[in-house]
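S.K.: This is the structure I have questions about; it appears just below.
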Amino acid sequence: MTDRVQAGGLQVAKVLFDFVEKEALPGTDLDSEAFWAGAASVIADLAPKNKALLAVRDEIQGKVDAWHGEHAGAEYDRAAYKAFLKEIGYLLDEPADFQIHTSGVDTEITTTAGPQLVVPVLNARFAINASNARWGSLYDALYGTDAIPETDGAEKGTSYNKVRGDKVIAFARDFLDEALPLSSGSHVGTTGYVVDAASLTVTLADGSTVGLKDPSQLLGYQGTPDAPTAILFVHNGLHFEIQIDPESPIGKTDGAGVKDVLLESAVTTIMDFEDSVAAVDADDKVLGYRNWLGLMKGDLTEEVSKGGKTFTRAMNKDRTYTSVDGSELTLHGRSLLFVRNVGHLMTSDAILDADGNEVPEGILDALFTSLAGLHSLTPDNVLSNSRTGSLYIVKPKMHGPDEVAFTAELFGRVEQVLGLPTNTLKVGIMDEERRTTVNLKACIQAASERVVFINTGFLDRTGDEIHTSMEAGPVVRKGAMKGEKWIAAYEDFNVDTGLAAGLQGKAQIGKGMWAMPDLMHDMLEQKIGHPKAGANTAWVPSPTAATLHALHYHKVDVFARQHEIAKAKRATVDEILEIPLAPSTDWTDEEKQNELDNNSQSILGYVVRWIDHGVGCSKVPDINDIALMEDRATLRISSQFIANWLRHGIVTEEQVRESLKRMAPVVDRQNASDPTYKPLAPDFDTNIAFQAASDLIFQGTSQPNGYTEPILHRRRREYKAVNA
């Protein structure tokens, strides 16, 4: 039973009430009684609107299901389908051209193209590491990953391997030649870097000296001009340092004493309360709110044990240099932080309203993450987040412009409660639901004074694609989905629409996650496609990945690329509406079994950690033991995919259950090294995680928009109650 406190007519879980009273309110000018009264007013006015929007979702989905029931199959009438979507209010008329007018936005969002980290806010260590990932060692990122192949004697080994180190140095010198070209010659083989009369002087391998091709790239240095310890440069809006220490282990092996190249990496980071966390009750929510408060105050710390030693990890201070004109130059030492609130779907028992009903969780997140954010806006906060007085909130899983307008209304009401100027709360719009995609222009317009990013989330978007057209027929195999017409159109349409609405120079246009955190060589080859596509940010799973992905923004001038793209529209709504139905279902039994096993294993591997450990995002080995970054979005695809094939008789219930039971020992083996892990097999009837995985598939067609949260939350609460 949850202990509760009466506040403002609300029944507030004591753990949340105490957090607000003892931690979040102190240091602000807010009065406790006024805050709770304001929160109660917001809940009373907006919870019914939230509920009504969810009813519209269900009503529309019901009509779509019925239409497909009468027009099933791959040869459906495209024109009739589009007309039907307009008739039911799914596809709206496109608004007249407009430009967003968001103001007070930090340059990390408006004019800097670079990587964006996403991390679960419930994990303080991850959160601090992500905040500090604004700057990253290129040498470490190359040496410690498969970005440099372990061939020709270049194995990582257990101690420093000079062969590998030399390959790292060579890679870095090639980067310098590209991002920091000299007036003549190459960075390869250089023997010295000094600052002389506000210019860079580089000694080449032959003893001659040269400067920079573009002297304006030099911004400053640390140390002394004739013996700098770090030299700061800028290229394509991103900063980087050449770090020099001839006495260091690496510097000793380098002709110029260079020990590292430090790259500006995770320019922005999303601290996530949504798909990457498992927060099902007041205790979980308060853990996240407390970590977010620490990030906003700049005092979040974590005790870390490594190599038998314990130390305190804290947030980095800003970086200072002597600029070329002799004045002090300061750069932000931390990633600019967004917070991702949950969507409109779920309710939380952290607060019960005056009638004893659970409150929409998204309303709670808006109130309490913004309350915590007040602390980052105080003038005496030396580790403040925004320098323009804004709070940045990502809002996921919205369906169409009415839901975006509701978010804007909610943010306005929260500003009133907290005494903030109008439009302090900025919104990042996740374009990850089909009804938002096809009405994206109207969605942006609904938040035209608040929008600071639009982002394609192809994982959730695929889940919604499958669920929306569940009754239309069997979809293509999961691996073939990326080759379908709709997904390329969706990605291009997002950029086209954002540029036409004036997001360039005012907001981010983002792309999705690289989900294979151990495959950095592949990421270096492939993820350059995101900046080439006109995205001025894209998601990465780790600080190391952020450093390596930053290289792509040195290779591609994103803002120049956006100007090229803006000349012509590349995608149409008609292409987006192409349903990814399989043209033929003559798959072999082996192909069907392989598809079933892959998805069953993926579901079990993720769900067992969610239910048993409360871990919402982790590296989960796939059926081939390749580690994939899984969260609720990947779970949504896998569960909806099997539900679709089951619905249309491609596989049977018996086959699905057999696959789950056969894959359970595979997942158990993959987790065998974890002493806290409880095996899924063989007690399938009593194992709550196994039951949750089964529910997600067998109840998949009836879950709201194919979301996984209702089942996960219910089963996680059940697990916590049994193991209390």
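Quick reminder: no glycine exception, Cβ is built from N, Cα and C everywhere.
Worth saying up front: this structure is predicted, and the values here are computed from it rather than measured.
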S.K.: Quick check on the annotation: Swiss-Prot has V118, R125, F126, S276, R313 binding acetyl-CoA, so which of P517, P531, P541, P580 does it put in that site too?
M.R.: P541
S.K.: Across all chains shown, how many C-beta atoms besides its own are within 10 angstroms of the C-beta of D631 (active site, proton donor)?
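M.R.: A count of 26.
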S.K.: Which binding-site residues (R340, E432, G457, L459) fall within 10 Å of V118 (acetyl-CoA binding site) by Cα distance?
M.R.: R340
S.K.: What kind of secondary structure is L459 (glyoxylate binding site) part of, going by DSSP in three states?
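M.R.: Reduced to three states, the DSSP call for L459 (glyoxylate binding site) is helix.
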S.K.: Please identify, among the recorded positions F126, S276, C617, D631, the one with the smallest Cα-Cα distance to D460 (glyoxylate binding site).
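M.R.: It is D631, whose Cα lies nearest.
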S.K.: Determine, to the nearest whole angstrom, how far the Cα atom of R340 (glyoxylate binding site) is from the Cα atom of R313 (acetyl-CoA binding site).
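M.R.: Just about 23 Å between their Cα atoms.
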S.K.: Near F458 (glyoxylate binding site), which residues of its own chain have a C-beta under 8 A away, given they sit six or more steps off in sequence?
M.R.: E432, K482, I487, Y490, E491, G512
S.K.: For glyoxylate, with binders R340, E432, G457, F458, L459, D460, what's the maximum Cα separation in whole Å?
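M.R.: Taking every pair among R340, E432, G457, F458, L459, D460, the longest Cα gap is 17 Å.
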S.K.: Of S276, R313, P541, C617, which recorded positions come within 10 Å of D631 (active site, proton donor), going by C-alpha to C-alpha distance?
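M.R.: So the list reads S276, C617.
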